[in-house]
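First comes the structure, then the notes that go with it.
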């Protein structure tokens, strides 16, 4: 036998392998396994190849067999009790001698010569004779070596029973079940088309039954049988015959025929692809492509992927058309049940938006209630997007109900949703009260009030949140005299709710109440609630108050002391949370503008600006950035003197801030400063900030200051611009970021319109001439882009004198990208030239480019010629 190589380290956790072997050793039928079976089981169980670790596995098996035998021996000894002890005492001396001899013999291990080395394959090679040898009485197989020998010599036939045990315990491999998947008889194959299932053209007579111009041949027969069952056309005396009504008689030309023989009469009514005209065949192929696309969307996305339902809404309208047209009619409840079952079986196939769009197909207002049941099912699902769409459609369908139908069908559905066991139905119910309440009787109105108040006190926060979001909407449909009695208690409860997500929604509801109540009730019932929300312990609630600040000011400002509201607002400006300070700062200018005119200047200078000076040094960059964007909007409200003394120091401090966004926002408000004190006074201070932004490392900051250049030019004047800012604009034309170069070419047009074409000839054209000869082709392309914009602000004479010579030179450029951009430039510049100039100057250049060796150059040259009519 060949010698084994050195033992490699074990490929997995040894304890886990020992546990698996221990389980296997103690399974029934283990003694019938061969070593190959044990090795195969371990390979499949752990997906590891143990072929190189047979010796270690063998040691583990021997050890576990020894442990198993010890356990069996101990259990046997415990079961035998004292009887065994008494039998041992009664042994004769001769038997004791024999047993001692056997024990001595057992101490010497018996070495068995193996006939062949064990093979790794599944064949019988390496396995000893399958016929079990008769065991002698003197040589009992009780030792560990004897147990292994017993395993090796087991029958292969018996091992197959043990292999079933292994299949039950292993995780796969080649023992994994490969049971053929059964086909679902209800599977939707409407979008699959094969050689025998292509769409056929249906004759006008047969379309009375199919309601479709194109159908599969098999679907036509199925539809006919459905029609026969629906109309109950089977002959009661002979069930195999059909009694034709007027529609079937027009198809079969018979009053009575055998059901299974009707297909032969359909030949002239079903036209296959090969018999269609070319136009009809093309139309059927388009229809197949369309139906396949819709079917793929439905089969891929419906069911497990509910998050894609919004995408599906745009793809299944045709399928819904056919379903509703074929399933729903004026019969009412039975068809409604059928649609409901379809929704439950194929989850959310028809989303509420489409149901609403097709509600006119159910027989008008008297039968629109048929759609309530499937929409009710959709309104209770866990996916929020589905519930929202269902509620949206229920709201729209409610308008199509008559008052009697609302009370008979819609209100019971709302009652079921409001009292549902799962919170999803109750959250959906909250959005339906406002559309029902105005059109029902007083008794039902009282019931709806009670139901909504119950939802406002629901144990589930999600339901209370939904009720809080709809409270203001519900209050708007109330009679003004009953708002306080009906809903104010709910507002009071919700604004002190333990969940901040509920309290923040009451801000909007309180504003809605404020618009409905008179001055006295508003001051008594709404003001205290809003004031408490200003000082709420949750920053999210305070943030919502800051977001809705102007609406609160419009509701309460006229009826309350402005100093009180300003004090509450300044608290928001000093809030410990940066998000609240940002939201409050955004509304500084608008809040100040809404203050009473007689008190506005004093409040701004004495209260608001003192807080604004603190925000200038705020630790959050977003707060300073928001302040920079609105602070100079106060200048027109307080006048020149106060602007110079109060606002200008803040402006200068923000202008020198380290954050680029802050400097950018403060420069953007230059026009407001110019209206009051004139921007020329700030030119010396502005220049360092502008230069710093122009050279900022962030290209988006540079892009923003580029876009502000026309504004700065108009505010600071041509002389200052030419001396200080024009060099910056020209340098941007060679920036390494394309977006900067592109933006700089666009502002050249605005600057030329402000300062005139002669200014462009003097200051910009020389730069273009330098770029025209630049070694980098990207700079030559930038030159063309800039000439395109300049041509729109210059006269024809200036274009011919300054621009066309540069373009003619670039038409002969070595780089194809430059040449086809020259063709594009000629197309754009040519729109500003007369027909004679186009013929004499532009057409020869385009004809030359039209013969270029590069395909793209020829393409754009031809495009330019067609656009210019050359």
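Glycine residues also receive a Cβ, built from the backbone N, Cα and C atoms like all the rest.
Lifted from TrEMBL, the feature list:
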REGION    65-192  region 'Disordered'
COMPBIAS  162-171  compositional bias 'Polar residues'
DOMAIN    195-272  domain 'DM2'
REPEAT    448-485  repeat 'HEAT'
REPEAT    526-564  repeat 'HEAT'
REPEAT    565-601  repeat 'HEAT'
REPEAT    608-646  repeat 'HEAT'
REPEAT    647-685  repeat 'HEAT'
REPEAT    686-724  repeat 'HEAT'
REPEAT    764-802  repeat 'HEAT'
REPEAT    803-841  repeat 'HEAT'
REPEAT    842-870  repeat 'HEAT'
Number of helical, extended and coil residues in the repeat 'HEAT' (526-564), per DSSP: 32 helix, 0 strand, 7 coil
The repeat 'HEAT' (764-802), counted residue by residue under DSSP: helix, strand, coil: 30 helix, 0 strand, 9 coil
Tally of residues which DSSP labels helix, strand or coil - the repeat 'HEAT' (803-841): 31 helix, 0 strand, 8 coil
Averaged pLDDT score, the repeat 'HEAT' (565-601): 89
